[in-house]
Amino acid sequence: MAGAEGDDSLYPIAVLIDELRNEDVQLRLNSIKKLSTIALALGVERTRTELLPFLTDTIYDEDEVLLALAEQLGSFTVLVGGPEFVNCLLPPLESLATVEETVVRDKAVESLRKISQEHSPVDLEVHFVPLVKRLASGDWFTSRTSACGLFSVCYPRVSSTVKAEIRHSFRNNDFTPSLQRNIKLRCSYVIDPGISFSLQDSVRLLAVEAGVSIATLLPQEDLEALVMPTLLQAADDKSWRVRYMVADKFSELQKAVGPEITKTDLVPAFQNLLKDCEAEVRTAAANKVKVFCENLLEDSRETIIMTHILPCVKELVSDTNQHVKSALASVIMGLSTILGKDNTVKHLLPLFLVQLKDECPEVRLNIISNLDCVNEVIGIRQLSQSLLPAIVELAEDAKWRVRLAIIEYMPLLAGQLGVEFFDEKLNSLCMAWLIDHVFAIREAATCNLMKLVEKFGAEWAQNTIVPKVLGMANDSNYLHRMTTLFCINALSEICGQEITTKHMLPVVLKMSTDQVANVRFNVARSACTLLYLDCISKQTKVKPVLEKLATDQDMDVKYFALEAISVLALA
């Protein structure tokens, strides 16, 4: 750099260069950030012959300075004379790619990847590939880690001979587990089946995801020779986490390898995953059943499903793990559209019935949630003759918790079956729940009616539900009369002011004279929910009744009546 000192016009540049040697870290950092200014002043030739060698020889600094240098060099192509001379930037970046600090190495790799695109294919083989090989064969893990990020940018652009050398370079190195993980994560093009057989299951797990990505890039012959042996071995790996990853990525793998390899290799592997000894693996595989079957070749799809997949599915229906059964229940109904009406009625309906009666609520919910798939295939008549009797049986089960579970699914079921079918088959069931001997059932049935009215509308409620609910006001059992009030509280706002004023309010007011105190104070409580009534109704009909209840002999009736009056006054 002596030339800079003998030229007065370059004195400021000489100052910046001197600052590179300064003991003050901040001054060195400032000078590094102005490297482009120095390079412009020196010109492209002196930048190549003087500045870059100087930087290469002095890469022993604070991490913050090295990080700034690695970033600057990534944009130096123009400053060294363009793509023809871009290889001049490799020596300092190679040195930076071997330092101990991870962020510096990563930034150096990022800059190397950037300038690799500016190398011609010939320069890439002459200059860049040897750099990557040197890094890959370095004594320290730091250089070998950086190499993992560089193979993918040069591998696609080099000749077949060089590609073979690159693969050979990897196979002849003893990679630590952390380096193997980097290979799986960062080398999308370089295939080394040996690495996937690492003793570290965390590495083999990452090999699965990388293998699926690689499979999308390769021609069929390379795919069968290089990728499939590794992935099939992973499907039978001793670690359940590796097998789980294969099951989780099975749809992507099937799409990547195509229908022929799926038929010959993936079908047996999928069977094994569905039968895996670990519940987590079976769960992941069960989730893929529908998609896997949909993507099979159409001319052999039904045969493969009936021969190979359905027997495994039948076993999973009675699996000991509820997560496996739940995963299967979420997709099994979709098989009906694939297999058609006859197979659905003969083979799938019995499985649906088993899951519909499963003790796990999530399994039942997943079946009921997808009834529309079956309805499209076999029709509402067949559905009513098969699955609905099972639903009714559960709705009348001796265990109140089973009945409660079915009630919670009823709005969903009603939406799928439609109002006409619901009125014909399930309406009476919903009304029967209102007089169940368990309060939790009556309460849930009330909420169920509210959701049904939200789904089918106020007109349907006026014609179908409201008359039956109001008829319970004359029931001899006071619990059923109270249920009438609970239903009015839940339905009045949804049904609207007209229906409430004309049909519900008279019944509420009449019940104010009930002999049971619990009914009377619930009348007072119901008045608080009727605040949206018109002012005339509130003042002329509701208020006098509340005033009378406020003088009731029962303390609870009096308390709730006075509370309702105060609320009414504020409304």
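In case you wondered, yes, glycine gets a Cβ from its N, Cα and C as well.
TrEMBL labels come from automatic prediction, so no person has curated them.
These come from TrEMBL:
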- 12-50: repeat 'HEAT' (REPEAT)
- 89-127: repeat 'HEAT' (REPEAT)
- 227-265: repeat 'HEAT' (REPEAT)
- 266-303: repeat 'HEAT' (REPEAT)
- 309-347: repeat 'HEAT' (REPEAT)
- 348-386: repeat 'HEAT' (REPEAT)
- 387-425: repeat 'HEAT' (REPEAT)
- 465-503: repeat 'HEAT' (REPEAT)
- 542-571: repeat 'HEAT' (REPEAT)
Number of helical, extended and coil residues in the repeat 'HEAT' (227-265), per DSSP: 33 helix, 0 strand, 6 coil
Same-chain residues at least 6 beyond the ends of the repeat 'HEAT' (542-571) whose Cβ lies under 8 Å from its Cβ atoms: 505, 509, 512, 517, 520-521, 523-525, 527-528, 530-531, 533
Local confidence of the prediction over the repeat 'HEAT' (89-127), expressed as mean pLDDT: 89
Chain residues outside the repeat 'HEAT' (89-127) and at least six past its termini with a C-beta under 8 angstroms from it: 52-53, 55-56, 59, 63, 66-67, 69-71, 73-74, 76-77, 80, 83, 134-135, 138, 140, 142-143, 145-146, 149-150, 153-154, 157-159, 162
Residues in the repeat 'HEAT' (89-127) grouped by DSSP into helix, strand and remaining coil: 30 helix, 0 strand, 9 coil
